[in-house]
Amino acid sequence: MGTVLNVLRRSTLARHTAAALAAIVALYFLTTAVGPYRDLQIAQAAYLTCAVAGLTVLTGLGGQISLGHGAFMAVGAYTAVLVIGHWGWPLAAVLAAAAGVTAVAGVVVGAVAARLHGPYLAGATLAFAVGLPGLANYKPLTDELGGQNGLTLVPPIPPAGLGETFPLERWQSWIACLGAVITLFLLGNLVRGRFGRTLRASRDDEIAAALSGVRVARLRITATVVSAAAAGLGGGLLAVVATLAAPGAFPLTLSLQLIAAIIIGGLGSLPGAVWGALILVYVPTWASDLSTSSGFSHNIASNLPLAIYGLVLIVVTLAFPRGLQGGLRDIGGAVRRRARKRRDPAPGPRASTSGPTTTHPGGADEATPDQAGARPDDRGDAGGRGERLRR
Amino acid sequence: MLEVKGLTVHYGAVRALGGVDLSVDEGSVTAVLGANGAGKTTLLRTVSGLLKPRAGSVELDGRELTRLPVEDIVRLGVAHVPQSGGVITELTVEENLRLGGLWRRDRAALTRRVAEMYELFPPLAERRARTAATLSGGERQMLALARALTGGPRLLLVDEPSLGLAPRVVAQLMAVLRRLCDEDGRTVLLVEQNARSALSVADRAVVLDLGAVVAAEAAATLAADDRLRHAYLGF
């Protein structure tokens with residue numbers, strides 16, 4: 001029994017390693033095939049993936065809402081710029097420092113947040129998101145932090161071995177993509193083990209978790225620290241890609257967009273974090289392309305992108321109440337059931353009834369136990385648990 | 001083993017327990033009986049640290065528990081199976097069981113204990129990969145008890161295991177509690193409304209009424225006392 005479990009555990013690690021390597025290869029071909037503009041977009045999606053993945057661990061798995069992850073990104077970005085400016089460390093060390101310093105900020109925020117729930121927690125983290133970027137404009141610190149204009153960063157120089165004409169944007173997107181893959185790999189392994197299980201337990205039933213000997217408060221602080229470190233890395237990568245850290249890059253809307261991304265992607269799902277980050281980057285640009293080519297008057301065309309963006313978000317949440325990842329899983333399950341039905345002409349009653357309920361808009365809230373019963377292959381880890389968030 | 005002295009617990013201004021004394025011997029089953037609102041659940045929740053008393057003490061082998069957080073009391077070997085629930089519905093049966101013994105940090109022993117639980121409760125073994133949300137009430141109660149046992153507790157606090165279960169399942173659960181005591185030397189503090197089935201397995205019984213102890217006797221003596229039975233136990 002023990003050896004079987006060990007082999008399974010090792011194979012999870014092997015599976016994650018294989019996925020990470022495959023992602024690196026795919027991203028290599030993708031980034032070399034496209035131009036500088038697309039490379040920058042990929043880089044943006046990559047650094048947002050870091051932050052969204054961190055947030056989905058804390059909010060999706062841990063049930064602790066954070067409206068302050070934009071501020072964690074700001075901490076990471078300023079750390080990266082300051083470390084490069086003062087000490088000129090190599091890039092990998094700079095990014096590690098960005099994650100590390102933000103993790104320390106996470107300890108402070110986590111210690112406060114572990115005592116709070118629901119709206120109080122949202123309020124406290126909201127204050128963090130609104131207040132922290134303002135530090136850059138605080139008089140005694142403006143020399144150090146550059147005030148409203150922020151601090152600029154010397155762009156990273158692609159290694160000479162790649163050739164003299166190697167585009168900077170491609171190099172930046174490689175850095176950001178590598179950061180995102182490493183983040184997802186580390187979080188993926190963390191979430192699969194004891195940490196993820198106890199985190200889900202403490203979200204589902206705090207008292208039962210405590211009675212099982214789980215140190216709930218400490219666990220929540222750890223989750224905040226892990227989550228903050230990921231967001232800090234995302235922020236550091238943002239600074240490297242944008243070659244700038246300025247308060248304007250970390251408005252409250254960034255924090256809210258991160259929340260939207262984890263919900264759209266699928267709460268608690270790391271692949272969902274990638275979907276969410278992609279939506280954040282591509283839907284606004286797609287919407288503005290669409291409205292400029294629509295031939296409407298300037299007044300309409302300039303306001304249309306926001307409307308389209310909002311519409312897309314509404315449609316996605318209605319169509320996939322458990323997020324894009326949850327939706328994909330449902331579709332995959334339906335396809336598998338259909339294939340099974342074709343092989344075996346006498347279908348079970350459940351196979352034919354479970355399809356429609358999953359597309360019901362309120363399904364995520366109302367039918368969680370039923371859904372879990374209808375789909376034994378879905379272990380309920382990624383479900384759209386709006387219920388928990390509102391608690 | 002467990003000494004409760006002068007325990008007073010309030011919910012805001014409402015007094016739930018007023019100076020309760022209780023003594024539980026090692027390796028025995030002690031039943032706590034009484035009507036709704038007598039303070040039985042409050043007593044258990046205070047022992048396990050979920051509630052903090054206004055006055056009085058709870059000592060486990062001479063060690064004061066009332067100031068410790070829940071997780072530390074669990075680590076001293078006190079496992080609480082709460083009334084209806086105590087399972088993490090979105091984790092699988094297997095994950096729930098492992099969760100109960102996770103704090104011991106001994107993987108091999110944990111795997112062994114989980115296997116023992118599947119032997120003790122065969123229905124759980126058939127559903128080990130299902131989420132706890134899909135279990136029936138009786139299976140959930142079994143899982144809650146099994147989860148508490150994977151931590152290897154010395155003192156087991158069980159709150160109304162019979163709630164909403166068929167008489168036959170109740171009898172099985174009671175038999176399991178008796179066996180845990182006789183064969184493994186565990187101590188059980190059992191809260192029950194269903195006095196008859198609790199008295200059938202208990203060594204001693206304590207009757208609570210309106211937050212105070214009105215009787216503490218050997219189970220057989222109590223079962224034979226018509227006056228007490230009629231007044232407080234309703235049979």
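Backbone N, Cα and C atoms are what each Cβ position is placed from, and that goes for glycine too.
In TrEMBL, annotation is done automatically, which means it is predicted and not curated.
Sequence annotations record features per position, and here TrEMBL assigns transmembrane segment to A:12-30, A:42-63, A:70-89, A:95-113, A:120-138, A:171-191, A:221-246, A:258-283, A:304-321. What TrEMBL records for A:335-391 is region 'Disordered'. The compositional bias 'Low complexity' annotation in TrEMBL covers A:349-362. What TrEMBL lists as compositional bias 'Basic and acidic residues' is A:375-391.
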Dominant neighbour of the transmembrane segment (A:120-138) in A:12-30, A:42-63, A:70-89, A:221-246, A:258-283, by Cβ pairs under 8 Å: A:70-89
Cβ contacts the transmembrane segment (A:221-246)/the transmembrane segment (A:42-63), at least three under 8 Å, sequence gap 6 or more: yes
Candidates A:12-30, A:42-63, A:70-89, A:304-321; stretch with most C-beta pairs under 8 Å toward the transmembrane segment (A:258-283): A:42-63
